[in-house]
Amino acid sequence: MSLPFSQDERDLAAGGILTIDLAALRHNYSAIATRIAPTRTAAVVKADAYGLGASRVAPAFYEAGCRDFFVAHLGEAVALKPFLKPDATLYVLNGLQPGTQAACAREGILPVLNSLEQVENWAALATRLGKKLPALLQFDTGMSRLGLSAKEFDRLLENVTLLSRIDIKFAISHLANGDEPGNAANARQLAKMTALLARLPKLPAALANSGGTFLGKTYYFDLARPGIALYGIDPERQHDFSDKVAHENKKPKHSILPVLTLSARVIQVRDVDKGATVGYGGTYVANGPMRIATIAVGYADGLFRSLSNKGAAFFGDTRLPIIGRVSMDSITLDVTSLPEGTLKLGSLVELIGPHQRLEDVARDCDTIPYEILTALGNRYARVYVYVNGGGTSTTA
């Protein structure tokens with residue numbers, strides 16, 4: 001009889017290690033919640049908590065005081081519910097597909113109603129059940145993505161019976177440019193939201209996303225729902241990629257801590273001669289004798305092919321450029337600058353960490369941190385830790 005594959009063996013067999021700091025996540029939530037109080041602060045944990053594991057991340061936010069959790073799909077909410085205590089509330093941002101209303105009500109999950117059709121479907125269920133059903137009502141104030149249009153809102157207000165069947169907990173909208181403080185679209189959306197609320201007196205409201213929590217008190221209303229800021233990304237800095245030096249020297253204005261590190265294992269080190277080609281298509285040609293190392297992660301693990309010949313890893317303070325094309329399961333590094341024998345089979349190199357932030361990797365990929373974060377695959381060994389005062393306590 002064979003022995004079971006232990007957790008230690010699984011971790012050693014993985015191509016890389018993704019370490020998630022639950023203490024930093026709690027800090028980021030508390031920092032935002034404290035700054036915008038008495039506005040309630042929710043946590044957006046859609047897409048498996050931005051790829052970091054909602055079943056571990058959401059309870060960390062709960063421990064920090066969060067009681068409101070937003071996901072995108074009903075299935076996400078149902079899967080997460082067992083990991084939260086009964087006084088937590090789950091909201092479904094995308095609303096409900098036909099035929100799922102009864103399940104949503106049965107589970108005690110609140111839908112965000114984004115169209116008159118969704119409102120009508122939810123009200124019809126309330127009529128069948130003989131009771132008002134709670135929900136959030138979203139308005140489109142300028143993003144043209146989700147929410148009732150102005151015409152739908154007018155029709156809704158005319159239908160007193162329809163409104164009477166729903167217990168509207170919040171009227172919400174979403175900022176399209178909240179991460180750009182100087183963008184005039186923010187003020188326009190705020191004005192539209194304020195005008196809508198004037199027609200729904202005393203109804204609690206929510207507008208601010210991560211960026212919105214840094215725009216000032218007029219954007220806070222009664223509930224804010226930060227997402228990316230909770231996961232260690234300053235929303236005002238994430239697009240500042242035009243000048244790498246300026247980006248690296250720009251000091252964060254907000255007490256947001258990084259929450260993850262990513263390292264990858266070396267699977268081979270070799271010496272190559274001048275003229276040797278590296279990777280698919282031979283896009284890199286050695287300009288002299290050099291030492292290269294192959295690591296066991298690739299674009300299947302969220303390290304996009306656009307990193308080919310321009311990204312990097314780190315070993316200590318030494319930058320190790322990516323050479324050749326990124327493959328599905330492997331990446332090749334120029335490690336000539338390291339003393340011979342420094343790297344060997346199983347050695348770990350840093351991909352995201354103190355020497356290279358998530359934003360830096362996103363910049364090298366010509367994308368945004370959200371895309372990298374949510375693309376980090378399930379092949380990594382995931383380690384959840386609490387880092388306190390320089391000490392580390394491993395939880396999984």
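Note: Cβ is positioned from N, Cα and C throughout, glycine not excepted.
Copied over from Swiss-Prot:
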ACT_SITE  Lys46  active site, proton acceptor
ACT_SITE  Tyr280  active site, proton acceptor
BINDING   Arg145, Met328  substrate binding site
MOD_RES   Lys46  N6-(pyridoxal phosphate)lysine
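Features per Swiss-Prot, on structure.
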| residue | record | CB count, 10 Å |
| --- | --- | --- |
| Lys46 | active site, proton acceptor | 20 |
| Arg145 | substrate binding site | 10 |
| Tyr280 | active site, proton acceptor | 12 |
| Met328 | substrate binding site | 10 |
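A gap of 39 Å separates the Cα atoms of Arg145 (substrate binding site) and Tyr280 (active site, proton acceptor).
Note: the CA-CA distance between Tyr280 (active site, proton acceptor) and Met328 (substrate binding site) rounds to 11 Å. A gap of 26 Å separates the Cα atoms of Met328 (substrate binding site) and Lys46 (active site, proton acceptor). Secondary structure from DSSP puts Tyr280 (active site, proton acceptor) in a helix. When secondary structure is read from DSSP and collapsed to three states, Lys46 (active site, proton acceptor) falls in the helix class.
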